[in-house]
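Colleague: Next up is a structure, given as structure tokens.
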Amino acid sequence: MADGLRSDTAQIVAVFVESIFYGLFLVTFFYCLRALLCTESYRRGWRNVNWSMLIIALVFWISGTLNLAFGLLRLLQAFVYNTGPQKVTQLGLDWVNVAKAVTISLQMIFGDGVLVYRCWTVYGKSWIVAFTPIILWMGIVALTIWLVYIQANISLGSRLYNPLAFPVCTAMWGVTIFLNVLATSLIVYRIWTVDRENNCNRQSLSPSHRPARKTGLHITMKIIIESGLVYTLTSITVFISHLARSNALYITSAAHIMVIGIVFDLIIIRIAEHR
């Protein structure tokens, strides 16, 4: 693999980049907790808390924190605890690398799962509309589990571009990007059609026929588009670095795992602000 970026250099830079994004993630995480647990005037009762969203927010935070911790541990094992003459090509002990892969997989599975859930609820819990996104999501789950299994059984060489792992990883990222584009488009289309129908009904009842102001649905649609665009673009950068077989994949994937949690938190925060 012709790559000007060395593996050890890429992994050190990846921890630095991930630490920056983790700082942003912490800020959005605490604001997300505030939006889920409180309103502007009072603290929500336990019965009024959206427990599913709260649990997912906690899963994102725990998984992201563990991923960063494993990255730091991997560097310590490679450059502090590694006193032998053997050159380190794949940093860290086996269990650390596998555990780090598991945290990334959890972020992706839950992130895509939340998107599919939102698509399902926006269409009135229609299984017909959600069928394709659900099948794609199940495919992602199967591919991530298979990828972690392959990586857990690799004893030599790079885990990134192993002949068995590479095609599985390629399929996983391809399906992930397609699912994000499809589900986001379905959600935006549904919100747009409902908002347009509401505006038509409002104008038919109003004799003045004034231009319709931006509604809550319009704002929600904008939030979904922006969040989906950020998530999809970061996924594409990871996919490109993977296809190029570049060690930059360490850096792009490190940013991506935090972006998943940040995007989720921002949707909760911004929707709460416009209620």
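Our numbering is plain: 1 for the first residue shown, then up by one each step along the chain.
Quick reminder: no glycine exception, Cβ is built from N, Cα and C everywhere.
Okay, these came from TrEMBL:
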TRANSMEM  12-33  transmembrane segment
TRANSMEM  54-75  transmembrane segment
TRANSMEM  95-115  transmembrane segment
TRANSMEM  127-152  transmembrane segment
TRANSMEM  164-189  transmembrane segment
TRANSMEM  223-244  transmembrane segment
TRANSMEM  250-272  transmembrane segment
Colleague: Determine which recorded stretch among 12-33, 54-75, 95-115 has the most C-beta pairs below 8 angstroms with the transmembrane segment (164-189).
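Modeller: Highest pair count goes to 95-115.
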Colleague: Could you pull out which residues elsewhere in the chain have a CB under 8 Å from any CB of the transmembrane segment (54-75), counting only those six or more residues past its ends?
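Modeller: Long-range Cβ neighbours of the transmembrane segment (54-75): 11-12, 14-15, 18-19, 22, 25, 29, 32-33, 36-37, 91-92, 96-97, 99-100, 103-104, 106-107, 110-111, 114, 254, 257-258, 260-261, 264-265, 268.
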Colleague: Which residues of the chain, 6 or more past the ends of the transmembrane segment (95-115), have a CB below 8 A from one of its CBs?
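Modeller: For the transmembrane segment (95-115), the sequence-distant neighbours (Cβ-Cβ under 8 Å, at least 6 residues beyond its ends) are 56, 59-60, 63-64, 66-67, 70-71, 73-74, 77, 133, 137, 140-141, 144-145, 147-148, 151-152, 159, 172, 176, 179-180, 183-184, 228, 231, 253, 257, 260-261, 263-264.
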